[in-house]
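Here is what Swiss-Prot says about this protein:
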ACT_SITE  Glu360  active site, proton donor
ACT_SITE  His391  active site
ACT_SITE  Lys516  active site
Amino acid sequence: MAPSTLICDTDSWQNLKTHVAEIKKTHLRDLMSDADRCKSMMVEFDGLLLDYSRQNATHDTMSKLFQLAEASHLKDKINQMFNGEHINSTENRSVLHVALRASRDAVINGDGKNVVPDVWQVLDKIRDFSEKIRSGSWVGVTGKPLTNVVAVGIGGSFLGPLFVHTALQTESEAAECAKGRQLRFLANVDPIDVAKNISGLNPETTLVVVVSKTFTTAETMLNARTLREWISSALGPAAVAKHMVAVSTNLTLVEKFGIDPKNAFAFWDWVGGRYSVCSAVGVLPLSLQYGFPIVEKFLKGASSIDQHFHSAPLEKNLPVLLGLLSLWNVSFLGHPARAILPYCQALEKFAPHIQQVSMESNGKGVSIDGVVLPFEAGEIDFGEPGTNGQHSFYQLIHQGRVIPCDFIGIAKSQQPVYLKGEVVSNHDELMSNFFAQPDALAYGKTQEELQKENISPHLVPHKTFTGNRPSLSLLLPSLTAYNVGQLLAIYEHRVAVEGFVWGINSFDQWGVELGKSLANQVRKQLHASRTNGEAVKGFNFSTTTVMAKYLQETSDVPAELPTKLP
């Protein structure tokens with residue numbers, strides 16, 4: 001396929017478009033009655049079981065999707081990523097987050113150099129530093145151990161590490177390693193977030209990790225300056241060097257900020273923010289909380305999926321299957337949204353993280369060559385742990401819009417609870433819903449079935465479920481650090497597969513720039529209005545009116561800002 005050719009112009013794409021009419025004649029009630037079909041749509045790898053039999057798909061559908069993958073040169077693109085080629089073409093960068101969790105003896109080249117030794121140099125530095133903090137050999141300026149960590153970052157510097165932290169908090173081995181310690185994440189520039197994160201913390205026992213590649217991210221640096229003031233006002237300016245460290249590549253600005261450059265932990269241009277949880281961005285705060293050995297298990301889990309993604313045939317490749325099925329639902333069946341439904345409270349921050357990974361990666365309107373797409377790429381991701389979501393938005397999923405669902409279940413609970421006299425354990429009660437919901441969506445309930453139950457005729461339309469609503473189920477054996485790493489990598493690569501087939505660049509994010517540049521203009525106006533009383537000007541009528549109202553309501557804010565902390 002020539003570089004300028006869009007995937008929608010290929011025979012494979014057109015064959016799938018034609019195939020849609022055939023699929024719309026089917027119903028999952030009938031498709032699910034074919035045991036051979038269902039068996040062929042189950043894939044196991046390293047303890048994980050994927051069941052995609054409840055997708056609106058037949059053997060022919062899958063064959064055509066694999067042909068589409070071939071037409072898009074999916075295997076070649078996967079190899080290009082692992083080989084360090086500059087597949088992020090708009091920024092002329094490699095995409096090598098797989099190197100972040102590679103084994104020490106692996107060889108992964110970027111710009112003609114094996115990057116794995118550099119990765120492990122940083123990992124070893126994190127191991128040593130986190131052990132010093134956790135053992136108490138590195139103490140704060142007053143001699144007290146640093147038992148509290150506040151990680152300051154935003155976007156990928158926050159959502160990924162928070163997901164992993166939340167997933168590990170209730171895992172027995174990780175929880176034991178974290179006893180007596182706290183890890184918090186400060187992301188929002190809203191001062192309320194600052195107040196919440198320092199509430200109850202003692203500066204004497206707190207270490208702040210500032211995460212910013214360039215050390216210029218506006219929100220992160222304002223929050224960092226706020227916490228620097230919180231520390232220095234309590235302990236003196238010299239305390240900053242003992243109580244603040246950085247994850248950054250801009251050592252000049254790190255030192256200017258007051259942090260010893262020796263306490264800066266590097267990452268690289270080939271690591272995108274939303275793919276950075278396995279870099280120092282996530283590994284440092286997580287190692288401070290749980291110890292490096294726990295985090296290393298997480299990295300090994302991710303690495304196992306990396307190797308599977310790179311080497312498994314498409315028909316047995318978990319991320320490839322998930323990516324192709326998402327693309328089938330979005331681009332052919334017309335379902336733009338996806339619900340991520342983990343039946344595990346420890347995964348409550350998983351959907352928000354994948355929301356960023358997916359929507360920032362694939363929310364693009366042009367091809368990698370800059371050609372406007374005649375189809376919509378990307379999907380709208382949202383989710384909530386089960387069973388909470390059942391009492392929130394499942395009504396729409398069952399009887400409103402068709403939204404493909406990912407059900408994620410854990411065989412062994414992190415916190416098993418049994419009550420004498422109960423029919424099942426608490427976890428079995430949870431998993432009863434995990435198994436029931438996909439079938440409810442697939443089969444639905446017909447008017448005939450309701451009439452046999454003697455339902456009042458006027459209620460029959462309201463209690464009818466059309467069914468034929470697609471989902472897939474992913475069952476993990478447990479939720480250890482290793483399994484968390486597996487889950488992360490599956491979804492990272494799933495997103496890449498979609499982008500590779502759509503022919504877009506999943507590794508840039510120019511869409512976040514325009515709003516930031518406009519915010520700079522607003523910031524200047526607010527400053528001028530506060531200090532000089534200048535009227536709001538240079539904006540459209542609506543913005544001018546609302547900004548003037550805002551300034552009026554906050555006229556008590558002093559022109560020269562004194563220091564005021566929560």
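Using N, Cα and C of the backbone, Cβ positions are placed for all residues, glycine too.
Annotated features taken from Swiss-Prot, shown on the structure.
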residue: Glu360; record: active site, proton donor; DSSP (3 states): helix
residue: His391; record: active site; DSSP (3 states): helix
residue: Lys516; record: active site; DSSP (3 states): helix
Exercise. Could you give the Cα-Cα distance between the residue listed as 'active site, proton donor' and Lys516 (active site), in whole Å?
Worked result: 15
For this session: Give the distance between the Cα atoms of Lys516 (active site) and His391 (active site), rounded to the nearest whole Å.
Result: 37
Exercise. Counting every protein chain present, what is the number of Cβ atoms, excluding its own, within 10 Å of the Cβ of the residue listed as 'active site, proton donor'?
Worked result: 22
